[in-house]
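Below you'll find the structure, written out as structure tokens, and then a few comments.
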Amino acid sequence: MSKTNPAGRVVLFDEVRGLCLILMVFYHGMLDLVTSGVDLTWFFSSVMQRFLQPAVAGTFIFISGAVSRYSRSNLRRGLAALACAFAVTVVTFFIMPATPDLFGILHLLGVCMLLFIPLRPLLDRIRPAAGICLFAVCFLATYNLPWHVVGMGPLSARLPDTLYSNPYLFWLGLPAPGFVSADYFPLFPWAFIFFAGASFGVLAKKKRLPAMFYRGHCAALSWIGRHSLLIYLAHQPLLIGLFAIVLPLFGYQVAF
């Protein structure tokens, strides 16, 4: 049975974020299995790698942008996300030095939350629908930036390799040759999804969305969505611990 939400919280945001988190945990679990030698051919399909994985992550980022409109302190949220991201980077440097997490989704969200603070007055001057369209176009135009391309299809152009020679600009979407990160969501293009969500959040906060956005549909998903940071931090150690017990029973060893 659906539940009303007198406080005006957009419960559907929590539920969709919870579903995205479950799918992200599933994806990382499958990646752990593949890394450990389990044959999962379908995992490398273009549908999975070029559509489903970016779509799920993009939805999570979009909702994070929308929720920034409700936050009492984006400064606190941003610093907390960056602190957790830094901890993840340090840990992965030790346990998987060949592929540390240098700029994953937590790094991105932390930076975007902090950028939202000074950019908010400018964003407030853009109509929500116009903002969503503008940032969607910017996202598409920069989606292939890490692959030295800007634009889409016949309107695309290859960027000079010299732009990718600085080893410290990977966080902007300009990875140098040989750059590797276990999780990689650079500021461009993904910040545009966050700010598209922030534009959408204006409509949500003004209660201009359908009533279904403000009603509860699944308490479990809502709970997961409200505790997404804690679950995201805990899921990989738990998966590795589980696979360290189960995989040897089938002749595999956990690999990082």
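Note: Cβ is positioned from N, Cα and C throughout, glycine not excepted.
Here's what TrEMBL has on this protein:
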- 9-237: domain 'Heparan-alpha-glucosaminide N-acetyltransferase catalytic' (DOMAIN)
- 12-31: transmembrane segment (TRANSMEM)
- 51-67: transmembrane segment (TRANSMEM)
- 79-96: transmembrane segment (TRANSMEM)
- 102-119: transmembrane segment (TRANSMEM)
- 126-145: transmembrane segment (TRANSMEM)
- 184-204: transmembrane segment (TRANSMEM)
- 229-250: transmembrane segment (TRANSMEM)
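Taken together, the residues of the domain 'Heparan-alpha-glucosaminide N-acetyltransferase catalytic' (9-237) have an average pLDDT of 95. Counted over residue pairs 6 or more apart, the CB atoms of the transmembrane segment (126-145) and the transmembrane segment (184-204) come under 8 Å in at least three pairs, which marks the two as touching. Counted over residue pairs separated by six or more positions, the transmembrane segment (184-204) shares at least 3 Cβ pairs under 8 angstroms with the transmembrane segment (51-67), which defines the two as touching. Spatially, the transmembrane segment (51-67) is not adjacent to the transmembrane segment (229-250); fewer than three Cβ-Cβ distances between them are under 8 Å for residues at least 6 apart in sequence. Most Cβ pairs under 8 A with the transmembrane segment (229-250) among the ranges 12-31, 79-96, 102-119 are made by 12-31. Long-range neighbours of the transmembrane segment (12-31) within the same chain, counting only residues 6 or more positions beyond its ends whose Cβ lies under 8 Å from a Cβ of the stretch, are 40, 43, 53, 56-57, 59-60, 63-64, 66-67, 204, 212-218, 220-226, 228, 231-232, 235-236, 239, 243.
Beyond the ends of the transmembrane segment (79-96), by six or more residues, the same chain brings 102, 104, 106-107, 109-111, 113-114, 182, 229, 233, 256 to within a C-beta distance below 8 angstroms of the stretch.
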